[in-house]
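Summarising the annotation, TrEMBL assigns domain 'SRCR' to 1-93, 128-172. Residues or ranges marked as disulfide bond by TrEMBL: Cys18-Cys82, Cys31-Cys92, Cys62-Cys72.
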Amino acid sequence: RCAGRVEVFYENQWGTVCDDHWDLENAGVVCRQLGCGAALSAPVAGHFRAGSGPIWLDDVNCMGTELALSHCRSKGWGNNNCHHGEDAGVVCAGNTQQKLWGFHGPPLVPSVDSSSPPMDTPAGPAEVRLVGGPNHCSGRVEVMHDHQWGTVCDDDWSFSDASVVCRQLGCG
């Protein structure tokens, strides 16, 4: 079964979500994001044992239609009045081996190789798109170069790199 303490990856670090106002709507967004089907319950009070590290989100308030937990309202990243005895959890109907946001091992997305010689770049940001995903905020990263779309190598690709692409596309 797909169930456990909810953890999110932010600023290159895994952290927990506080259970203040945690409900089935919030759990539903997490379960859907993980590809785990519907939420069966939204356990609170560290039901799946207390986590460690930062508590990234508090007072999460999802409408239930969001594509990702990061799209829900909250106090903001790192702003909380919680302790790890208040870590939120989910119990979903389906099964999965994925971690939150689909990262299982290194994410297969692009990177910048700092050992490569510099290349000519336009004054503004390159045109970027995501292809092959279920919506415009997920999929394989492609960039426009010389009036042609091309893929980006995933060597050393990081969460920070993915965040830049997401921000550029207005996906959070």
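Placed from the backbone N, Cα and C atoms, the Cβ positions cover glycine too.
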Cys82 (disulfide bond) and Cys92 (disulfide bond), distance between Cα atoms, whole Å: 24
Number of Cβ atoms other than its own within 10 Å, given for Cys92 (disulfide bond): 23
DSSP residue counts for the domain 'SRCR' (128-172), split into helix, strand and coil: 10 helix, 16 strand, 19 coil
Whole-number Å value for how far Cys82 (disulfide bond) lies from Cys31 (disulfide bond) (Cα to Cα): 23
Cβ contacts of Cys18 (disulfide bond) (under 8 Å, same chain, 6 or more positions away): Ile55, Leu57, Asp58, Asp59, Val60, Asn80, Asn81, Cys82, Glu86, Asp87, Ala88
Listed in sequence order, residues with CB under 8 A of Cys72 (disulfide bond) and six or more positions away: Asn26, Val29, Val60, Asn61, Cys62, Met63, Glu66
Of Cys31, Cys62, Cys82 (the disulfide-bonded residues), the residue whose Cβ has the fewest other Cβ atoms within 10 Å: Cys82
